[in-house]
Amino acid sequence: MINAGVTGASGRMGKLIIENIIKMEGIQLSSAFDLMNIGKDVGEVAQTGKLDVNISDVADMATVLKESKTNVVIDFTIAPATVANAPVVAGAGVDLIIGTTGFSDEQRATIEGAIIKNGTSAVISPNYSVGVNVFFKILQETAKYLSEYDIEIIEAHHNQKKDAPSGTAMKAAEVISETLGGKDFVYGREGLAPRDKEIGIHAVRGGDIVGDHTVLFAGDGERIEIKHQAHSRNAFASGAVKAAIWINNAGPGIHTMDDILGS
């Protein structure tokens, strides 16, 4: 049985992840962390029913991970929190599933450095839904055939999302750019902005949109639009818990959803 910890346990994604841990076989909740609701039963906070796992202060993470015999921590928080959590989790010899987005290059290096230094494993992905990772593969294939077309990415999310563009939009841009040997990214346009051989990236924020990503390949006289829509955050939570089960048999190092889907 895999013992899983959840950071941001009181949050929207934290609660969904806990629900999915309860539903899946081969994994159980062993620890939960947050800055609020400390000492409360996490099941009551998540409204899943009493689980006999209390929410712990993140300041006590190292001790709690050891005492609870946690094998893997699932982290969907914010970039500064994940950067602070990663060295603690890796230092305790515990694997990590990271769904946080919006990292700077320096923050990403800090996280990966902690994992490599401690010989643990991590899956780092901007999106854990199976559908969106198939979406990336479709974009890769399409770009091979439409390399001369203009490429624009439009993403839309709820009005509380903290980072823009989304990690998924950036991953889509990177996949296309790598396929085409490198492209500049342009974020929105204003004023006189003649188009060059670039990938345009645009962010929309409004209402309760879970996550829409559209990639437009536009040529003379025609265009192709490839779109992924998330109807529920449960697609992300379910994929993250499956990744936590998968990583139990993975070797040390940094892994992606490509590794999981390909195995």
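We number each residue from 1, going along the chain as drawn.
Each residue, glycine too, has its Cβ placed from N, Cα and C.
Note that this is a predicted model, so its numbers are computed, not measured.
Residues or ranges marked as NAD(+) binding site in Swiss-Prot (evidence: sequence analysis): Gly8, Ala9, Ser10, Gly11, Arg12, Met13, Asp34, Gly99, Thr100, Thr101, Ser125, Pro126, Asn127, Tyr128. Per Swiss-Prot, active site, proton donor/acceptor is recorded for His157, and the stated evidence type is sequence analysis. The annotation (S)-2,3,4,5-tetrahydrodipicolinate binding site is assigned in Swiss-Prot to His158, Gly167, Thr168 on the grounds of sequence analysis. Among the features that Swiss-Prot reports, active site, proton donor is placed at Lys161, with the record citing sequence analysis.
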At the level of the C-alpha atoms, what whole-angstrom distance separates Arg12 (NAD(+) binding site) and the residue listed as 'active site, proton donor'?
12
Between C-alpha atoms, which of these recorded positions comes nearest to Ser10 (NAD(+) binding site): His157, His158, Lys161, Gly167?
Lys161
Which recorded positions are spatial neighbours of Thr100 (NAD(+) binding site) here, meaning Cα within 10 Å, out of His157, His158, Lys161, Gly167, Thr168?
Gly167
Using C-alpha positions only, work out which of the recorded positions His158, Lys161, Gly167, Thr168 is nearest to Gly8 (NAD(+) binding site).
Lys161
For the (S)-2,3,4,5-tetrahydrodipicolinate site (His158, Gly167, Thr168), what does the 8 A shell look like? I mean other same-chain residues with CB within 8 A of the CB centroid.
Thr101, Pro126, Asn127, Glu155, His157, Lys161, Asp163, Ser166, Ala169, Gly211
Pull out the recorded positions from the set His157, Lys161, Gly167 whose C-alpha sits within 10 Å of the C-alpha of Asn127 (NAD(+) binding site).
Gly167
Mind checking which of Ser10, Thr100, Asn127, Thr168 has the fewest other CB atoms within 10 A of its CB? They're the binding-site residues.
Ser10
List, in sequence order, the same-chain residues at least six positions removed whose CB sits under 8 Å from that of Gly167 ((S)-2,3,4,5-tetrahydrodipicolinate binding site)?
Thr101, Gly102, Pro126, Asn127
To the nearest whole angstrom, what is the C-alpha distance linking the residue listed as 'active site, proton donor/acceptor' and Thr168 ((S)-2,3,4,5-tetrahydrodipicolinate binding site)?
11
Cβ neighbour count (within 10 Å, all chains shown) around Gly8 (NAD(+) binding site):
26
Residue, out of the recorded positions Arg12, His157, His158, Lys161, whose Cβ gathers the largest set of other Cβ atoms within 10 Å:
His157
